[in-house]
């Protein structure tokens, strides 16, 4: 492991990309401390302040929401917009479906529309959030309560989201890994110390016998280890489908090529978890604009992962998004076609349509197992807080852990691939 990190920093171009990525994430973190204009940063020191904040948004945004900073909206409007755009491509909007089939050019068009939609959504949610938080904090959040003040706050928060989208694009283009994922990753890690502090306080406060408190902490450590092992397994486990070559001349390539087709147990990675949590935020938008409407509050209460119905919905969403994105990441038809063109086949399976059906069947089974594991890891901390009396601060711990591990694994793979590429170029004398 140490030698791997040494390789990262001894390769100049990769080292520069790492430093660039870290610099962008530092800018993100600094922005979480810059308060939006016209708000009172001390308002969240109100006794009810921490309860009024949406813990998920605050965690993903690196604590920006509880400070009501310029990045208070975070990157979630973009993720929500991405969900909607992905669904609209499923023959709902013919133009989007057409773009999805146009390759790189089509993806650029879809990405542009996604960004515009995210900006509109961020503006709408910013206005509602300013009203809701000011009401919840008994009018202490907004200093000057005027239409212009609310509009200014909404514009600034929307600009903050737009800047984070741009920042993510810069990391993706000039840095290491997926920029949006790394921003969420950095946000979760930056809130970890405060979450641990809250957990420790909730465990020790009011305890005459500290042995029980230490037992809970030990239990949390063991649970974290088990969840980490489980997360790595579900994100990295593969099913190897054996491949054989029909042409004799292809035998010369066997020494340099894998003779199996690897399919991940969870091809979608942590995207289903992120999208499922983002989906839960949509009904809460109703309460931003209808704070006194009982029907809106009932919908928001139902769309809460900690409620009984909410947990079921959360699991169903994770499984649904896992299947959806598994077939986005893996195209059985294209895979079968490529195998046929290469003169290779799965033993006992005819090339072409039969191979496509076989890969589809295997992918369905793998995704079922992977999505169940994914959902279990995500909801176990919620169950622990609900039925075992553990503090609320660890409620989204499973979701956060999955995202952190998933992003870390993918970033490490990206770094290793870039280092290997540079080393091969070096051997080639370039």
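Even glycines carry a Cβ here, placed using N, Cα and C.
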Point to revise | Feature transmembrane segment in Swiss-Prot, mapped to one of the ranges 389-409, 410-430 | key: 389-409
**Study point:** Given ranges 249-269, 270-290, the stretch to which Swiss-Prot attaches the annotation transmembrane segment
**Key:** 270-290
**Study point:** Candidate ranges 217-237, 343-363 [criterion: Swiss-Prot lists as transmembrane segment]
**Key:** 217-237
Revision key, fill the gap. Contact count check, CB pairs under 8 angstroms to the transmembrane segment (368-388), set 117-137, 174-194, 217-237, 308-328; argmax is 308-328
**Study point:** Cβ contacts the transmembrane segment (18-38)/the transmembrane segment (308-328), at least three under 8 Å, sequence gap 6 or more
**Key:** no
Point to revise | For the transmembrane segment (68-88), distant same-chain residues with Cβ under 8 A (at least six beyond the ends) | key: 28, 31-36, 39, 41, 43-44, 57, 60-62, 96, 110, 113-115, 117-119, 121-122, 125-126, 129, 133, 141, 156-161, 163-165, 168, 180, 183-184, 187, 274-275, 278-279, 281-282, 324, 328
Review point. Apart from its near flanks, which chain residues at least 6 from the ends of the transmembrane segment (174-194) lie with a Cβ under 8 angstroms of it?
Key: 14, 17-18, 20-21, 24-25, 28-29, 32, 58-64, 74-75, 78-79, 164-165, 167-168, 270, 274, 400, 403-404, 406-408, 410-411, 414-415, 418
